[in-house]
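Quick notes on the structure that follows.
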Amino acid sequence: MEVKWTEEQREAITTRGKNVLVAAAAGSGKTAVLVERIINIVTDPEKPVDIDRLLVVTFTNAAASEMRERIAERLISLLDQHPEDKRLADQLTLLNKATITTIHSFCLDVVRKHFFLLDLDPSFRVGDDTETLLLKLEAMEELFEELYEKNDEGFLLLVESYGGTKGDQYLQDVLLKLYGFIRSLPWPEKWLNNVLEAFEVKEDFSFEDSKWAEVILDSIKVEILGLLNGMSVAIEKLREERGLEGYLSLFQSEAHHLKELIDSKSWNEFKKKIEAISFERLPKASKEADAEVKEEVRKLREDVKKRIREIRDKFFIDEEEEIKREIKKLYPVMKALADLILMFDKKYGEKKKEKGVIDFEDIEHFALKILSNEEVVSYYREKFEEIFIDEYQDSSLIQEAILSLIARDNPPNRFMVGDVKQSIYRFRQANPYIFFEKYTSYSQEGENKKILLYKNFRSRKEIIDAVNYIFEKIMSKNIGEVDYSEEEKLNYGANYESNPFEKENERTVEVHLIEREREEEFEEDEEILDDMQVEAHVVGERIKGLFREGFKVYDKEIGGYRPVEYRDICVLLRATEKWAYAFEEEFVKMGIPVFADTNAGYFDTAEIKTMLSLLQVIDNPMQDIPLLAVLRSPIFSFTEEELVDIRLEDADGTIYEALKKASLREDELGEKVRNFLDSLKRWQEKSIYMPVDEFLWYLYEETGFYSYVGAMPQGVERQANLRVLFERAKEYEETSFKGLFNFVNFINRLRTTSTDMGSAKTVGENENVVRVMSIHKSKGLEFPIVIVAGLGKQFNTKDLNEKILYHHFLGIGPEFVDYRRRLSYPSIVKEAIKYKIKLESLSEEMRVLYVALTRAKEKLILVASVKDIKERAKKWGKAKLLGKKISEYDVLKSRSYIDWIGSALIRHRDLKLLREFAEISPELEQDSSKWEVKIWNKRDVIIERKKDEGIEVLERLNALNLEGLHTEFRKEVEERLNYVYPYDRSSKLPAKLSVTEIKRILNDEVIDEETTSIFERRVLKTPLFLEKKRGLTPAERGIAMHLVMQKLDLSKDLSYRGIKEQIKDMVKNEILTEEQAKEVDANKIERFFKTPLGKRLLKAKEVRREVPFHIKISSREIYRDLPEVYQEEFIAVQGIIDCFFEEEGELVLIDYKTDYVENGKIEEIRDKYRVQIDLYGKALEEITGKKVKEKYIYLFFNDTIIKY
């Protein structure tokens, strides 16, 4: 059947004699177009080209194999139609030697053919990752040792500045990462020299004209535009309010100043304008003004003032000469870093030469060097009539340099296919700017032609509409690196037959939001695991729902619809580490067949942890943690009590020394210890002469551990994991490195550098299973049903906090370190690079989301865990819409995919529920996309999950045949199974609670099902040399105020000046930090002591402050719905009383609060803290035996006294 090509596809197939850039959107049939163009060229009736004179470069080996197969299929098909055509037969024969390959394979071929142009042994081999990493580590260790011996001044400066607290590990990691980065560049040494030259700051250098200033200024302008948008919203509100006319004119004037900042053309112009900005005092509002609106706009203005002040203080305090001096001061340490990189490159090169190996990066660099030879490059230019580059958006700078060298200029002969919106490999040094530069410079005419393929033949209209709706809102040239305009939008091109049995809205895109419990922190590993499991359960339930609903998918092979199968479903995750394992485990429990395609989690499996600990102990038994892991493992099965007894044998030494002493005991434990030590000695002796792989398998058999894990749940997979470790040991033995010590070091290095090996798989991905994979691995694939989960996970910005940042265009940005004063702060160069990397990282995240959403053919489901949905919805509702797009400022502020999606969707007509949460009524957008949102409560999911587990157990029990059992015995079994423990609630009651937790429980009138934390949070003092100018959080300000109120000498002068002097003394004595002292308002404290309550406190004979207490109260006083039987169940309560004083034999209690309090909310505050104050009063009477006659809260925010 003849393919019906679109006009744009046909143009891409037939255009000749030009450089052609095909911007091919997801699902647009780019591979089919590429294949057809190749067939068209080799069968051209006028100017045919043999297929072995074409260079076809693909991104992966799999893509190259697929391309070769598809070309072969087309040639065979044509040959069937024209069996007499000798040329077609010849092309089929030539296909075997056609250059259809990855860029690395092509470069390796160039190197093998022209090795004589390099100082390279012709018998060289490409080392695998294991061997080359070991060579790098060996070279680095030797280099560092040599430089220490020489007392190399530059190197020692580097060590002092960036060595870190754990030896040289941090500096070594920086070296490896930076070395890897610069080797992705065409001319790394030249790049390093240019970077170094920038830090020399020559006479003609102008920071204002530098690329660093340009980046910082652009980033600041985006932020100020966001502030201006906020001011605009406030101005609109003020226009509608009476009594705030003075506010309106002032806000308009200040908004004008912000606009002037944005319009600044240069750094110095911006500096002058921001220095000139001053915020006048707000005029008095009339009584008829709405208090809520007044407070809202006042707070917004305060935020603007604060941020403008921060920008000014951070970037525009220093004059040009001071900035130049700072950059120049960085030159010595940058020179030392550049020298270290070059020395390492030389040392590593020598190591490789000794072993006769080259590494992966060498392949491209050697090819580039060879192709710089005019004779060689002319050969390749002559050989290849046309160069095809697939996935062009993922090209690196060095790959672009290589392909540019062999391309022709007359006539141009490059055919490049890609989609910048799918460029997601920046971490592999892919540079989307290469594609984007051509995308903006190529046109429909001329020698450089651009062709757009935006008709999507993969997805249903519901998915196309949904993707367009989201990305037209959030993707822009600045964030995403392409403007999602009408030109970029996906156009529906698929031809799905109608399904007469389809239910209404069955294909609607679903958004499932799981509300996390309050006060949960997403960054804590245990709680992340909870979120992962809950999300996995929700996804599992939805998968089961698809089967229950009889969901059908279109099958091209049968030409109609069929019921959904597990293989039709794919769950996509941004990061599979931990997440994929949680999903796999949950699906197995739910009876859903699953294949998790992940390279992470291997080192976290119990069997691998145990075996690696054993290897570490055999290598060096003086390591307590691995040794304890081995002793507690099933191999030796020491109990906790036995380990305590062993430790008591030598409380101060290592565990190994304690074991040796315990071996002298004449009891059962002594015998057990002696058996362990004998085994250890035997294994140490064998490890000396046995190859690591053979020794490892010997351990598996000797310990019985391999058989043991096979009997555990998922035993087949666990044994497969042990075999993977054995295979890795075998590979290691094939390198030039030997011995257990080196192997253990190598594995440890893999773990610390996050280079996981991927757990073994016992289920194939082609079976009828749900696939769980990373979004990156899904690129180029398609699935009938796609579920994108983990969308609430925060973007990973960890790399931005590194001491040294680097960028191909902006160079290297170090932290400024004064190691003598133990002072460090980001240099202005680092700030510029940090801004740029953040922008590029967010752009990449946006493209990753685009790839995920465009994998779906028939059904798209999005899942996210969200903390406090109402608050998050309010945040989404505040995102400013400029035309059809959300402001770049709001897009930049977003911390997760769901923030982007939520901000885009909240104005959609289908998302009424979110608008109700946000308490907004915006003008609705009438878009053709269809959405459905469902809210899940995490607690309900956990309860449901436990019910499912219980039902599963009951079903298994019911399946047992009990008929043959003796009647009495059967009756006893049933009674035991049906027994309900009468004091079940006791098991859920905490042993201890803080007053804050009790206040929350009583205010909510809810019993937590899970144990509550018994520890109050404490803020630890930051070392002075690590303090940063970030400002204190409200909680930290409150702690600082309480600290001052506790430490003030009440007998001294308590005027404003006297209090300030005492605060200064507290800083000197290191009770307070400088930052805390600045945040404590002495005026507020002075005003307290002038109140009647404050005066009474000062007159009192006895005043006690910050008094901790522990009391015991009945559980029924806290959990009011408990039955009477719990009256004697007690809970320990702990807390700290701010202050009390004695007056006429009775006590007066005061609790200070630094909370922000809205006008008219005093009664709410009174109710909020009633439980807490009552408990403090009860505790005080118990511990003193005296009556508490009065209880007060003092609000520092508005100098208010609340009496109870």
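Glycine too: its Cβ is placed from the backbone N, Cα and C atoms.
Database features, via Swiss-Prot:
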- 3-460: domain 'UvrD-like helicase ATP-binding' (DOMAIN)
- Ala24, Ala25, Ala26, Gly27, Ser28, Gly29, Lys30, Thr31: ATP binding site (BINDING)
- 492-780: domain 'UvrD-like helicase C-terminal' (DOMAIN)
Across the domain 'UvrD-like helicase C-terminal' (492-780), average pLDDT on the 0 to 100 scale:
84
Around the ATP site recorded as Ala24, Ala25, Ala26, Gly27, Ser28, Gly29, Lys30, Thr31, what other same-chain residues have a C-beta within 8 angstroms of the site's C-beta center?
Val33, Asp419, Leu453, Asn456, Phe457, Arg458
Sparsest Cβ surroundings (other CB atoms within 10 Å) among the binding-site residues Ser28, Thr31:
Thr31
Tell me, how many other CB atoms lie within 10 A of the CB of Ala26 (ATP binding site), whichever protein chain they belong to?
23
Within 10 angstroms of the C-beta of Ala24 (ATP binding site), what count of other C-beta atoms is obtained when all protein chains are considered?
28
Can you give me the same-chain residues 6 or more apart in sequence from Gly29 (ATP binding site) with a CB-CB distance under 8 Å?
Gln9, Leu453, Phe457
What are the non-local neighbours of Gly27 (ATP binding site), defined as same-chain residues 6+ apart in sequence with CB under 8 A from its CB?
Asn456, Phe457, Arg458, Ser459, Leu490, Gly493, Ala494, Glu782, Thr854
